[in-house]
Amino acid sequence: MAAKDIVYREDARTAMERGVNALADAVRVTLGPKGRNVVLEKKFGSPMIVNDGVTIAREIELENPFENMGAQLVKEVATKTNDIAGDGTTTAAVLAQAIVRAGLKNVTAGANPMILKRGIEKAVERTVEEIKSRAKPVESKEAITQVASISANDTTIGNLIADAMEKVGKDGVITVEESKGMGTSLEVVDGMNFDRGYISPYMITDPDKMEATLADPYILITDKKISAVADILPILEKVLQAGKALLIIAEDVEGEALATLVVNKLRGTLNVVAVKAPGFGDRRKAMLEDIAILTGGRVVSEEVGLKLDKAGLDLLGKARQVRVKKDETIVVDGQGDADAITKRLAQIKKQIEDTTSDFDREKLQERLAKLAGGVAVINVGAATETEMKEKKLRIEDALNATRAAVEEGIVPGGGTVYVNVIPVLNGLEPELPDERTGVDIIKRALEAPLRQIANNAGVEGSIVVEKVKESPAGVGFDALSEQYTDMIGAGIVDPAKVTRIALQNAASIAAMILTTETLVAEKVDKDKKGGMGGMGGMGGMGGMDMM
């Protein structure tokens, strides 16, 4: 085991504070409408220009291991806030820095850190309750536009996101992709889509677009691989007699079965398209069941005693239209039972609540949205790749902020709500003096986001904070026009969820830093740093930063 360096008490806490300040100072310059950008060096390719707190935080590693511990803890604040709320990462870093700074001053002056922590926790709990009680629900398209515009710092993006939400609903899937052109546009795909296309290009109906369109088709859904024509001949004859088109969704279609389908298609006997089933394993079974419920059919599976060669038209689904491209299938207006679809949606929502895996949650949300009806794609375009990446990050943040606003409502933005709730903390009556100090630390920290927004706008932050304190609730500082105004009336709003999550995460990590007494890190051998360091464990290879 390598030797360790250990630092104690004041030295430990001040080292961590230096790390906290290094990361927070790099991130805080981006806060507010007049916040600046940060340029990140990339080992390969051009530098990355960003205005996104968590992206900046993820890039920061400090040389001193003790300072780096402080920086990594603030990085965790930003990352955790991003994971839960999707936005507010810079605010969380600014709050964490303010709590750490004020808290360490009091610990140095003799306050007991454990009692301080208790006061901080009580103050945060009361503040969160108050933020929730002040939240206003987001119902109109205009309110959604305001939230998205503030987060992205761009009204055009705000309008795009509002349009997307209006078209696919609040549970709908909205994806952000890089455009090949310079413009940013919205594309909406109606109905359920999945990433599988036609098995054979001979099945297309439109050679110009290289896609197949089936009007009012029957849909055969099976988890089986179809290779023998005898398996599907009975159902093909029934569909032919009904005079309908047919979409086959199966694990695979090959051999004589595929040849028969292609020949009948080319002769004009039957308009048929075969696609592979989406997903893998248990997820494939679930997605096939989703498609069956959406279209009013059944999954023909031997697991439930259904065989392909015995299947009748009653097992087939129906849809108004199906469009099949090279690598995508879109089922428009499935004819499934509305009650069955509602029950399936409720079941998926319950699974989303119960799952602990981020990956599973993401896939379940995709299934929910596809079943609920529609996918919107925002194609991001710009003059250069650097600008496009920066814009894409802003749109993703704005999208997350908008979802959070729809979930828990909105509060006055620009750090106003934090200042508005400070008087509520006066009602807390802690028993111990150090606990009261913990409450005071939060009261002071709640001013930090507004102060930073004002400073970034070139205005004295302390004066702005005092002015907002004297103003009626909801009146804040519009940093863009440098006017004091009714924030919700002016459309300057923040999602309540983002506001509370940022504070809760910042206080949680900051309180842990305040209660730290000892730091242990691997000893850095200054003689060998960066060199080969002999063959003894190849100790110096760490200096060869070639990857």
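A Cβ is built for glycine as well, from the same backbone N, Cα and C atoms used for every other residue.
Now, the feature entries from Swiss-Prot:
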{"type": "BINDING", "residues": "T30, L31, G32, P33, D87, G88, T89, T90, T91, G414, D478, A479, L480, D494", "note": "ATP binding site"}
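Here the features listed in Swiss-Prot are painted onto the structure.
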residue : record           : contacts (Cβ under 8 Å, 6+ apart)
T30     : ATP binding site : R36, N37, V38, V50, N51, D52, G53, I56, T90
G32     : ATP binding site : G414, Q452, I453, A454, N456, A457, A479
D87     : ATP binding site : T81, S151, D397, A398, N400, A401, A404, P495, V498
T89     : ATP binding site : V27, D52, G53, V54, A57, A78, T79, T81, N82, A502
T91     : ATP binding site : L31, G53, G415, P449, V498, T499, A502
D478    : ATP binding site : G414, Y484, T485, M487, A490, I492
L480    : ATP binding site : P33, K34, A457
*State, in Å as a whole number, the widest CA to CA span among the ATP-binding residues T30, L31, G32, P33, D87, G88, T89, T90, T91, G414, D478, A479, L480, D494 given in the record.*
21
*Please classify the secondary structure at T91 (ATP binding site) using three-state DSSP.*
helix
